[in-house]
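Notes for the one structure printed next.
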Amino acid sequence: MPPILILLTLLLPLRAGAEEIIGGHEVKPHSRPYMARVRFVKDNGKRHSCGGFLVQDYFVLTAAHCTGSSMRVILGAHNIRAKEETQQIIPVAKAIPHPAYDDKDNTSDIMLLKLESKAKRTKAVRPLKLPRPNARVKPGHVCSVAGWGRTSINATQRSSCLREAQLIIQKDKECKKYFYKYFKTMQICAGDPKKIQSTYSGDSGGPLVCNNKAYGVLTYGLNRTIGPGVFTKVVHYLPWISRNMKLL
């Protein structure tokens with residue numbers, strides 16, 4: 001790996017909305033019906049937003065660092081700035097971050113949101129399937145990540161419309177070179193350092209979709225350069241997800 005890449009692989013300070021879609025393309029409206037926009041207010045009074053995805057009629061999965069007060073979820077959106085008839089805006093009844101979440105090393109950065117009311121299934125609103133226990137995607141497999149992020153690093157505004165980029169699953173040893181706090185049992189690393197098409201700021205909590213299933217939850221990426229993003233490995237947390245959805 002070129003030395004300059006090594007110098008630039010500093011972790012972004014984790015803040016709400018810390019990851020975004022760079023490059024990629026706008027998707028066909030409502031073709032990713034599982035996508036959610038999570039909005040909330042931080043302790044400093046500022047409004048923030050993250051990505052997320054519907055996994056059951058009452059539950060959305062997102063990143064644990066995407067939390068605050070006045071939480072609500074927008075489902076069925078394509079143009080997030082427009083008042084679309086397909087949109088369902090539902091307050092969050094309860095936020096359940098993983099109890100082992102550590103904001104210092106970004107492990108267990110996963111959270112369930114229980115909605116106050118049941119999501120109405122339509123062509124624009126559908127849950128995303130989770131993988132089976134012990135399922136895995138091999139390095140080299142092409143997956144996708146979607147969100148309402150900036151279209152370039154220098155852009156000052158995020159995209160109004162949902163965009164998607166294709167990412168390549170990286171080898172664990174390569175991920176360790178980029179991220180010294182990378183834990184292969186709990187995380188997946190995906191991207192392509194050679195292409196301007198990766199994750200950056202604004203869509204933390206969005207899904208890494210492989211074979212039409214959610215294999216990861218976006219947690220963080222690289223600072224000052226485009227490269228792989230790190231995702232919380234959904235398979236590792238399936239027992240916790242299942243247990244909490246049954247209890248609530």
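Including glycine, each Cβ sits where the backbone N, Cα and C put it.
The cysteine that Swiss-Prot pairs with Cys143 in a disulfide, picked from Cys50, Cys66, Cys210, is Cys210.
The recorded positions shown are His65, Ser204, Cys210; of these, the one with its CA atom nearest the CA of Asn106 (N-linked glycosylation site) is His65. The Cβ neighbour count for Cys189 (disulfide bond), using a 10 Å radius over every protein chain in view, is 26.
Spatial neighbours are here defined as Cα atoms within 10 angstroms of one another, and by that definition the neighbours of Asp109 (active site, charge relay system) among the recorded positions His65, Cys143, Cys189, Cys210 are His65. On the 0 to 100 pLDDT scale, the domain 'Peptidase S1' (21-246) averages 89 in the predicted structure.
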